[in-house]
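Here's the structure we're looking at; comments come further down.
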Ligand SMILES: *Cc1c(COP(=O)(O)O)cnc(C)c1O
C-alpha cells in the first residue's frame, strides 16, 4: 500500500532542494545573548548591524526594570481577548499615551505589526472596493489587502504619477492608498505630502505604515508624518513597538470613529489574546524614553552620515536613504550570501536579504544602524565591508 504521508514529505524535500539550488534557503542564526551591538553567535562575539532596535532600547536597564514592575503589578498574561476580559487599565493608558504622542484622537494596540496590518483593510473595505499599494510595501500590507477582498493595484515604487492615473481611472466607491513611510528594505521615505494630496483629491483613505519612522523621525521621534507636518482625518497611522520602541506590539492611530469601528470589525483585534499587560506597562516607559531621546536620535543621524561618507568609494551600491536602514545592493543572490558569510568571518553580522523579500536581481546586505552603536563600530563595518566589496568581483559563484 503506498504511504501517502511520505509522498507529502518527499514533495517538501524536493521543494527545499530547489530553494537550496537558488541560494535562497533562509536560516535562523542563534543568538546566545540579548539584542545589542555586540551579540554572542555560536560562542563568538560578533558586531551586529542586523536588528531594528534603532534607539538601543531592547536591552535598556530601565525597561528591564519596568518589565519586572509590570509583571508584579499586572501579571504576565492578559488571559483573554480585549473584548472578553483581557482589556486592562494599562492597555487603555498605553492607547491614550500613543494617541497623544502621535497627535491623533485615539489609538488601538495590537500584539504585532503584522496583525495590525491584516486588521485594518478588511475592516474598512470589501469586494468592489480598491486598494492602491506601493510595489515595495511590507508583506503584511500585501496580506492585509488580500484579506480584505478589495481589488489591489500596485504602483511602481513612489511613482505618484502612476498612482494618480490609477486613482483617476477608479470607479470604486471606497478607495484606500497604502504605503510604508520608511521602506523597510530600502530605507527611503515615501512622498507623504503627495500621497495625502492624492488621497484628498480622490477621497481615499491613506494608510501609512511607520514601522521604521516611529521613535526615530520627527520631533521627539513622533514619526514620519510628524516630520512632514501632515495631519488629516483620512490618515490611518500604523506604528510598531518592536523596533525603535525596543519591545513588541503595534498600534493604529487616527480619528475616534475609526478606532471605534476597528474595535467592532477587526478580526485580528477581536479574535486574539490581548498583548501581555506586562509589555503594555513596559511600553509606557519606552514611550517616555523615546520622547526624551533627542541625544540618541542625533547620535544615530551622525552614524548614518559617517557610514555613507565612509562608503563613498562604493556609493553605487548604496540607496538614497537618510534613515537607519542602509542597504548595500549586490544583485546576485549567491554573491550576497558569500559577502555576508565573509563579513561574519570578520565577526560582523549583516543580514543578506534575497527575493522574495526584495525584487529578483536586487539581493542586498541590509545594514541597520542603532543609536547603541559607536562611531568606531561603524568605522569597523565600513573598512570590512569595503575590502569585501573590493574582493567580490573575483569571488567564484
Ligand atoms: C516589521 C514591520 C512590520 C511588522 O511589524 P511586527 O511588529 O514585526 O509584526 C510591518 N510593517 C513594516 C514596514 C515592518 O517593517
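Heads up, the Cβ atoms here are built off N, Cα and C, so glycines get one too.
Annotations in TrEMBL come from automatic prediction, not curation.
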Among 336, 357, the candidate listed by TrEMBL alongside 26, 138 for substrate is 357
The pyridoxal 5'-phosphate site in TrEMBL lists 113, 114, 184, 240. Which one of 87, 157, 212 belongs there according to the record? 212
Checking the binding-site residues 26, 113, 114, 240, 357 against ligand 1, those whose Cβ falls under 6 Å of one of its atoms come out as 113, 114, 240
Nearest of the recorded positions to residue 184 (pyridoxal 5'-phosphate binding site) by CA-CA distance, picking from 26, 138, 243, 357? 138
Cβ-centroid neighbours of pyridoxal 5'-phosphate site 113, 114, 184, 212, 240, 8 Å, sequence order: 52, 117, 138, 140, 209, 211, 242, 243, 250
Under DSSP, is residue 212 (pyridoxal 5'-phosphate binding site) helix, strand or coil? coil
